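Enquirer: What follows is a structure written as structure tokens; I'll ask about it next.
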Amino acid sequence: MAVKKKVSWRSLIVGCLGDPETLMASSKKPKRKNDVIKKQSSFQRLSILDMSNPSSNTLSEDLSISLAGSDLHVFTLAELKVITQSFSSTNFLGEGGFGPVHKGFIDDKLRPGLKAQPVAVKLLDLEGLQGHREWLTEVMFLGQLKHKNLVKLIGYCCEEEHRTLVYEFMPRGSLENQLFRRYSASLPWSTRMKIAHGAATGLQFLHEAENPVIYRDFKASNILLDSDYTAKLSDFGLAKDGPEGDDTHVSTRVMGTQGYAAPEYIMTGHLTARSDVYSFGVVLLELLTGRRSVDKKRSSREQNLVDWARPMLNDPRKLSRIMDPRLEGQYSETGARKAATLAYQCLSHRPKNRPCMSAVVSILNDLKDYNDIPMGTFTYTVPNTPDNKEDDGRVGNKPRKSSHHHHHQQQQSNHPRSSPSPTTKSPSPTAKSPRNSTENHRRTLRNGVNSPLRSEAGGERY
């Protein structure tokens, strides 16, 4: 729960990349005398750091200085080859905007002080500067922020042109994978509320840190789950320092994922902690309904989840229409009503009307303990209609690729239930199961780090 005092990474990022977002925003503000002095001093530091060239000989040294006191390990490429068996295809987990991800295992003999453990090794594709910036941002944030609901960054490699990140391995993969895989066992109500509470706690920690952080890319595929379904936020490539002093927001280029980004952020580029609250409301709505934030396979009026479901969230008589049918009625009605009301508030078009994350965490903490869940055994059959056919992990005639670290190879899910487990009919032995198909492990949930507003599950880019 403790956070190590952050050295300011802002000057480091600016030195590395020229930070066009921040520079553009600051140019719009009235220049005060003190501002000019500070900027001159800042630019003197930039010329020293000057990490705009990813192959800079001083990059590794600058990072080591900036992250002094952190417990990050700086791996060599040779060590990573040992950990991943030379990046063997048998250890391949997936590939996304950052590049391929491999599972690995750190032996306790690799180096003193590093315990034996499974890891996920993400290799960055450095063809574009954008990727380097996200890699650097992730190292800086996760190197200094420590919390049980943030994924642990164990270390990194910055050797010649190679850029890698080494994370703790998350055996349950992402919430996106657990919630939307067609043939996976349905997440029970209690587990969904546990995940929502954990993810909300992670956001609260970021917003209330000594130097507040705006996550900016909160979505189901960025919520990773350990073996006990503890939620941990991952992928800090788009994270930003919160507003400073009397500023009410951060002005920045619009980036994120369609269906999750707050409407005022899309319209104005003004980013606040309440922008994250809106995104949380979308994920909470996904947990309630079992639907994606954007689903082009549905009818036109139901493709955007928020537009379709939000009007019904505040009406108890209509709530049952939007609840995930795979829950088969086994959820707390009182808890569902309170969760729906919370989602409604988080999704307000007026940022000031959204609750802060501490209030969200408090409400969800109570919801975890509701035990008025109906008992009984049910069978839910997936309708075999054209609208519900799985797309076999393909977009057009091309197979999708799996998201990077978010989609670790999945273990068989045995979800804990607070009531007898309903039986879900399995596909016939002759049917092709997406779980076992190669394409299923190569889905791309991020359409590239260079997209201003990335699409999710087939959504349109802005």
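Each Cβ is built from the backbone N, Cα and C atoms, and glycine gets one as well.
Pulled the feature table from Swiss-Prot, pasting it below:
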type	residues	note
MOD_RES	TYR167	phosphotyrosine
MOD_RES	SER221	phosphoserine
MOD_RES	SER251	O-UMP-serine
MOD_RES	SER251	phosphoserine
MOD_RES	THR252	O-UMP-threonine
MOD_RES	TYR265	phosphotyrosine
REGION	378-462	region 'Disordered'
COMPBIAS	397-409	compositional bias 'Basic residues'
COMPBIAS	410-435	compositional bias 'Low complexity'
Enquirer: Would you mind checking how many other C-beta atoms are within 10 angstroms of the C-beta on TYR265 (phosphotyrosine)?
Expert: 26
Enquirer: If we check Cα distances from SER251 (O-UMP-serine), which of the modified residues TYR167, SER221, TYR265 wins as closest?
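Expert: Given the candidates TYR167, SER221, TYR265, the nearest one is TYR265.
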Enquirer: Count, for each of the modified residues SER221, SER251, THR252, the other C-beta atoms lying within 10 angstroms of its own C-beta, and report the residue with the smallest count.
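Expert: Counting other Cβ atoms within 10 Å of each of the modified residues SER221, SER251, THR252 gives the minimum at SER251.
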Enquirer: Where SER221 (phosphoserine) and TYR167 (phosphotyrosine) are concerned, what is their Cα separation in Å, rounded?
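Expert: Checking the Cα atoms of SER221 (phosphoserine) and TYR167 (phosphotyrosine) gives a distance of 16 Å.
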Enquirer: Within 10 angstroms of the C-beta of TYR167 (phosphotyrosine), what count of other C-beta atoms is obtained when all protein chains are considered?
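Expert: So the number of other Cβ atoms within 10 Å of TYR167 (phosphotyrosine) is 24.
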Enquirer: In whole Å, note down how far the CA of TYR167 (phosphotyrosine) lies from the CA of THR252 (O-UMP-threonine).
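Expert: Computed Cα spacing between THR252 (O-UMP-threonine) and TYR167 (phosphotyrosine) is 28 Å.
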Enquirer: Measuring Cα to Cα, how far is TYR167 (phosphotyrosine) from TYR265 (phosphotyrosine) in Å?
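Expert: The Cα atom of TYR167 (phosphotyrosine) is 30 Å away from the Cα atom of TYR265 (phosphotyrosine).
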Enquirer: Give the helix, strand or coil assignment DSSP yields for SER221 (phosphoserine).
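Expert: Helix, per DSSP.
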